[in-house]
Amino acid sequence: MEMPGRRSNYTLLSQFSDDQVSVSVTGAPPPHYDSLSSENRSNHNSGNTGKAKAERGGFDWDPSGGGGGDHRLNNQPNRVGNNMYASSLGLQRQSSGSSFGESSLSGDYYMPTLSAAANEIESVGFPQDDGFRLGFGGGGGDLRIQMAADSAGGSSSGKSWAQQTEESYQLQLALALRLSSEATCADDPNFLDPVPDESALRTSPSSAETVSHRFWVNGCLSYYDKVPDGFYMMNGLDPYIWTLCIDLHESGRIPSIESLRAVDSGVDSSLEAIIVDRRSDPAFKELHNRVHDISCSCITTKEVVDQLAKLICNRMGGPVIMGEDELVPMWKECIDGLKEIFKVVVPIGSLSVGLCRHRALLFKVLADIIDLPCRIAKGCKYCNRDDAASCLVRFGLDREYLVDLVGKPGHLWEPDSLLNGPSSISISSPLRFPRPKPVEPAVDFRLLAKQYFSDSQSLNLVFDPASDDMGFSMFHRQYDNPGGENDALAENGGGSLPPSANMPPQNMMRASNQIEAAPMNAPPISQPVPNRANRELGLDGDDMDIPWCDLNIKEKIGAGSFGTVHRAEWHGSDVAVKILMEQDFHAERVNEFLREVAIMKRLRHPNIVLFMGAVTQPPNLSIVTEYLSRGSLYRLLHKSGAREQLDERRRLSMAYDVAKGMNYLHNRNPPIVHRDLKSPNLLVDKKYTVKVCDFGLSRLKASTFLSSKSAAGTPEWMAPEVLRDEPSNEKSDVYSFGVILWELATLQQPWGNLNPAQVVAAVGFKCKRLEIPRNLNPQVAAIIEGCWTNEPWKRPSFATIMDLLRPLIKSAVPPPNRSDL
């Protein structure tokens, strides 16, 4: 039964639910077959049984099926076009895997062959409960569908099996066409053709609303989908809800951009629409031009992809290492601010932070400009949200790679099964019921169980005579696990389990029974239990843990965003003591403080302030370092007579000292990012050697720069991405060094005519930079400008800066009779 111009591999549609079907089988049972003609039984003669014989050459059609010609082309209003069929079809029968779920061709049903010459198919009768029975009667291969007469002697009707099959086929074909059209917004009536014309797909324009609806429903765009001007990506409104609540003929398949612009952003904060509009989006025009420059400057496709991915990543919040959850708070803050300006419809060029779906869309739009083959698929390796999206780029004719836009911008990954599997190509109809999600209980009993076994085993270890560390062997076993099994548990949020959690039950029982027989080796009550963090970090037992009583605090010599700095005497030596302003730390914060102290303890470099120890007991948490007599570089540069005291060569040497110290920090494993590099955090000794300090405390800083009460926390030295509260890396320190070099070259205070809020607006959001004097050494000016590049990845490293400064220092001639006072 082939239909010209249409596919023939559609499955039959099942109308009735499973509990309406009763099967009586003799011999080898065929599975259920659901009839679709129960509502039309009144159209046939009651009490007569219509018969059709299946011969090898074809069928003898029932007269009610119409006259001659192709039976499938008969125009019968009681088949496909009748409203009774549409009304009787529940949406709950739909499935994403095929046109309709539970098809009569799915499962184990074996359809009788049409070429069986001797099979006689009798008509179907319907009892009052709309059920029917299948049975084998007689001998041989005869399949008889027994008719159940009406118990009241009423009328019964019958249709041949072929008519029912044809009716099912036509109805399901119509529904499949409708659902596919709704899901894909296909304007081409031949979109079901197996081999589409690629040239036609490239040249046929699609309206912005059509492509927007396709992406809204499917979350995917193919290589041949060009994102037109006026395209908008909606979020916060479910397509299924929209389809149920509105009239498609009046309101359209997707909310129009005009109706979205009329929505008050305060009514529904979750609704957003990111629009691609080249005419009214100047920031996007700038991106358009930059993409052309990238395309012209790069030789290979891989270089283009790499540069384009880094451009998008840096523009939309930078890379994140631990997952996209780091971007969510910044994204909410960004979109809330933009909604106050643009309401619900936000231009894509105005986004300073973007999630994976925004980055994928921008990559697709810019890739289309330079004809880079790119498609958007559902799913992301950095998040598990339903609206997650990723970009894949095609290399040649048979290779495609996933472009990383979140964690490692520009890196090419092999696409996994989630992106190339059935979910990426299946039609997702808005008429389909949303897939229910499992409801998580309010109490996670698995975590409670882990905590229970962890607590129980900790008791075993504390009172275990074999434990020669009196209660701390548990922690060493946890953190020194060579197998890495506990690390996987910790990543899942469940914490680390003690090794005994993996014991067989009998071993666990034996360990618990030892509590009664074990001697009590716990320390006496009067003896303080050693601090777990101190033991873990190695601070106890050496001179790094300084008792507060050993310090003789003297005059105050400075203040910072973390506290006050005092000169003190410790065992006859001058030291600097930085007393932390925030002393009310929780145990977790104290441990974090101790970890930072441990990092500082391991640093040894002539341009790093020497760490001497720490006071680790609240309320006197303090950092003890070497004392540098000349104070901060900021004070030295901005006092009277600085130009006479600090000649050009000395100032360049000071810049070189800062670069050496920062290069040492950035080349540590793992790298140490200062995050608060500025002239007040640079100290000068009596020989004018500059040393970096305060690099280990930036992670403890809970307040923002605007809440700081001293000049040490002002944003004059901060990089634009830091001012925008975006993720940053070591290149933010390079920007800060550029401000310090400008400070050394001009002996001026950066942004002295602006308050902190104005600096944030000028540098972070208006891309303003300090003015470089025209009479400044061009080579020094070039270094400063390189450090101030808006894209962090374009800024030089400190090793490169050292190479650039070294010849400048040699060429600068010191003035005669200079003395290092």
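Using the three backbone atoms N, Cα and C, a Cβ is placed for every residue, glycine included.
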For which of the residue intervals 151-172, 481-502 does Swiss-Prot record region 'Disordered'? 481-502
Would you pick out, from the binding-site residues ILE557, ALA559, VAL565, the residue whose Cβ has the largest number of other Cβ atoms within 10 Å? VAL565
So ASP676 (active site, proton acceptor), by the Cβ count within 10 Å over all chains shown, scores 24
To the nearest Å, how far is the Cα of GLY563 (ATP binding site) from the Cα of ASP676 (active site, proton acceptor)? 15
Rounded distance in angstrom between the Cα atoms of ILE557 (ATP binding site) and ASP676 (active site, proton acceptor): 20
Cβ-Cβ neighbours of GLY563 (ATP binding site) (radius 10 Å): 19
Calculate the per-residue pLDDT averaged over the domain 'Protein kinase' (551-809) and state the result as an integer. 84
Quick one: Cα separation, ALA559 (ATP binding site) versus ASP676 (active site, proton acceptor), in Å? 14
